[in-house]
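Quick look at what TrEMBL annotates:
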- HIS5, HIS7, GLU85, ASP196: divalent metal cation 1 binding site (BINDING)
- HIS125, HIS148: divalent metal cation 2 binding site (BINDING)
Amino acid sequence: MYDSHIHLAQYRDVEMMDILSQVEGVIAVATDLASSQRLLDLKRRYDISITAGFHPEQTLLSDAQLNELVDWIRDNRSALSAIGEIGLPQYLRREGKVENEQVYIHLLETLIHLAGELELPVVLHAVYADAAIALQLLDQYNVHGHFHWFKATDDLINEVIKAGHFISVTPDILWNTKTRRVAELVPLEQLMIETDGPWPHTGFDKCDIHGQLSAIIDEVAVIKQMTRNKVMEQIRYNTRSFYQLEAHDENR
Ligand SMILES: [Zn+2]
């Protein structure tokens with residue numbers, strides 16, 4: 001199994017080694033330039049796939065910082081499996097902390113444009129109505145998107161599916177009706193699984209990645225009325241083809 005979205009740089013070294021022993025592979029996702037650099041260092045030591053980007057739910061980058069990130073991504077293109085995580089500040093906005101939406105959209109557009117130019121997919125934090133803006137930009141720059149921990153209206157979920165993008169679900173599929181709805185609507189061929197670790201999912205240790213992924217697979221199998229093996233194999237295939245991964249030990 002692959003964890004298609006984990007913030008590996010937020011774990012301690014001993015925890016990382018434990019996590020990497022539990023799975024076939026991970027997409028280790030960055031939240032800013034510092035974590036992108038840290039992931040590149042980790043990639044030199046561990047067999048991991050990494051991304052570089054800027055998480056939207058934090059204080060915005062200045063133009064100079066954005067240019068620095070863009071230059072860094074260009075310089076390290078060959079080490080990257082995607083640009084991300086990028087997106088729009090759904091939760092900051094709800095807290096009334098977004099003063100100028102256009103600045104966030106400009107940042108997102110800059111990085112999706114870059115992804116198109118570098119022929120990389122993007123990891124998106126774009127839930128609910130934000131997905132519509134992301135979809136338009138993906139279409140404009142001809143970029144393939146992974147909508148991570150996705151939630152939206154049925155109409156928007158269906159638009160993401162129709163445009164051929166991928167969607168991942170976390171262990172909150174066990175209790176969250178919105179995530180269960182996503183799993184119902186998304187064809188198995190466009191689904192991935194993730195922990196978003198070290199996010200604290202109720203009932204799981206943040207280092208129990210195998211347990212979390214297994215629980216998601218079990219639940220998807222129930223929702224889709226398919227065998228566990230069929231679900232696991234298809235999701236494995238999806239992750240490997242979306243992120244263009246090399247073969248690893250299949251038994252983990
Ligand atoms: Zn994340």
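Each residue's number is its place along the chain shown, starting with 1.
Even glycines carry a Cβ here, placed using N, Cα and C.
Quantities reported herein were computed from a predicted structural model and do not represent experimental measurements.
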DSSP, reduced to three states, assigns HIS148 (divalent metal cation 2 binding site) to coil
For the binding-site residues HIS5, HIS7, HIS125, HIS148, which one has the sparsest Cβ surroundings, going by other Cβ atoms within 10 Å?
HIS7
Within 10 Å of the Cβ of ASP196 (divalent metal cation 1 binding site), how many other Cβ atoms are there?
22
I need the neighbours of the divalent metal cation 1 site defined by HIS5, HIS7, GLU85, ASP196. Which other residues of that chain put their C-beta within 8 angstroms of the C-beta centroid, in sequence order?
ILE6, VAL29, THR31, VAL123, HIS148, TRP149, GLU194, GLY197, TRP199
Can you check what DSSP calls ASP196 (divalent metal cation 1 binding site), collapsed to helix, strand or coil?
coil
I'd like the number of other C-beta atoms within 10 A of the C-beta of GLU85 (divalent metal cation 1 binding site), please.
28
